[in-house]
Structure formats: structure tokens, C-alpha cells
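Copied over from Swiss-Prot, here are the features:
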BINDING   Gly11, Ser12, Gly13, Lys14, Gly15, Thr16, Arg128, Gly173  ATP binding site
BINDING   Thr32, Arg37, Gln58, Leu59, Ile60, Gly86, Phe87, Pro88, Arg89, Gln93, Arg134, Arg145  AMP binding site
REGION    31-60  region 'NMP'
REGION    127-137  region 'LID'
Amino acid sequence: MLNIVIFGAPGSGKGTQSERIVEKYGINHISTGDVLRAEIKNGTELGKTAKGYIDQGQLIPDELMVDILASVFDSFKDSKGVIFDGFPRTIPQAEALKVMLKERGQDISVMLDLDVPEEELMTRLIKRGKESGRADDNEETIKKRLVVYNTQTSPLKEYYKGEGKYQHINGLGTMEGIFEDICKAVDTL
């Protein structure tokens, strides 16, 4: 199976590029953001708990996310692979994901890091918030999310470099140009 972690700060284009990867490679997309938004919309207990963290710009506790992902991953047993979008966000999550996949005879194939400067991220996220009405795309929450990303999530780059799975992708440019760079990285696996 082709198991990809797509990585980058909020607003780096993970969702957009994930859709293109899914279409080209015929793999399934697991977006923790979409899963969590569905839980919140449906008013589940997990959704209510998650909403409290999201509204404060904080990360969801690992044990909640790993359980959700294991269930979703297991529903794709006959798949060519999956792309993990929005997970892992910390080294303990990466280690938990590795264990969860190993228990299923799988591993991460590659981690794609969509690298975008912070000023551009702010511009993209403020625009997205205005267009979509997403509550977590206001300036104050965006700044908190970027601080969390830089302190808690960014160390994953070194983790995946150590695993030999890291691929840097320049997240500036056209969607097509960025996707070409992604395909070059994936096609060499």
C-alpha cells in the first residue's frame, strides 16, 4: 500500500493537494479535519470535546485521534493506500501511527512537507475564512494555530528525516507546479 503523510502548516494546501493525489494514485483520503468537523456537526461527544480544543486553537488529544484513524483506516482494507491529512501533528502521534500501521502490516511510504512562508499562510487563511465562514480561520485563532504548529508539529520534520521518509515540497507557486513536485517525489518510491 502507498501510505502518505501530507504535512504543512494550516493553509499550506494539504487539502487541495490531497484531492489531486487521491485522484492520480487511486488512494483514500483521511482528513482529520473533515472527520472532526463531521463529529462536531453531528453533535457527538467526541465532536463536543474536539470543538473545545479547536476553538482554543489547541491540538486534539492523541488517544482520540489514533482511535478515530484506526477505525477509518480499517474501513479501507482493500485500498491501494491512504493519505493522512492533518495527522500526525506531534512525534508521539507519529509513533502511535507507526505502531497502528505496523499492527496491520503497513508503514508510512513518504511524508510530504508542503513548505509555505508564514506571511503567505496568514493571507491564505484569512481569505479562506472569509470565503468559507470557517470559525477557525479568524486572525487570532490562525496566529494561535501557527504557534502550535511551529512548537509542537514542526519537529516532525526531523522525525521523518530520521525515518528516511521526508520529502520537502515548495508550497509556493501554482497548484499544478506544486503537484508536479509531489508526483516526482511519490513516483520515485
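Even glycines carry a Cβ here, placed using N, Cα and C.
Keep in mind that what you see is a predicted model, and the values were worked out from it rather than measured.
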DSSP residue counts for the region 'NMP' (31-60), split into helix, strand and coil: 21 helix, 1 strand, 8 coil
Integer Å distance between the CA atoms belonging to Arg89 (AMP binding site) and Ser12 (ATP binding site): 14
For Gly11 (ATP binding site): intrachain residues, at least 6 apart, with Cβ closer than 8 Å: Val116, Glu120, Leu121, Met122, Arg124, Leu125, Arg128, Ile142
Per-residue Cβ crowding (10 Å cut-off), top of binding-site residues Ser12, Thr16, Gln58: Ser12
Between Gly173 (ATP binding site) and Arg89 (AMP binding site), the C-alpha gap once rounded to whole angstrom: 25
Cα-nearest neighbour of Arg89 (AMP binding site) within the listed binding-site residues, Gly13, Lys14, Gly15: Lys14
Average pLDDT across the region 'LID' (127-137), rounded to a whole number: 75
For the binding-site residues Gly13, Gly15, Gly173, the one whose C-beta sees the most other C-beta atoms within 10 angstroms: Gly13
Integer Å distance between the CA atoms belonging to Phe87 (AMP binding site) and Gly15 (ATP binding site): 12
DSSP three-state assignment (helix, strand or coil) for Gly15 (ATP binding site): helix
Cβ neighbours of Lys14 (ATP binding site) where a neighbour is any other Cβ within 10 Å: 22
Rounded inter-Cα distance in Å - Gly13 (ATP binding site), Phe87 (AMP binding site): 14
Least Cβ-crowded entry, counting other Cβ within 10 Å, from the binding-site residues listed as Phe87, Arg89: Arg89
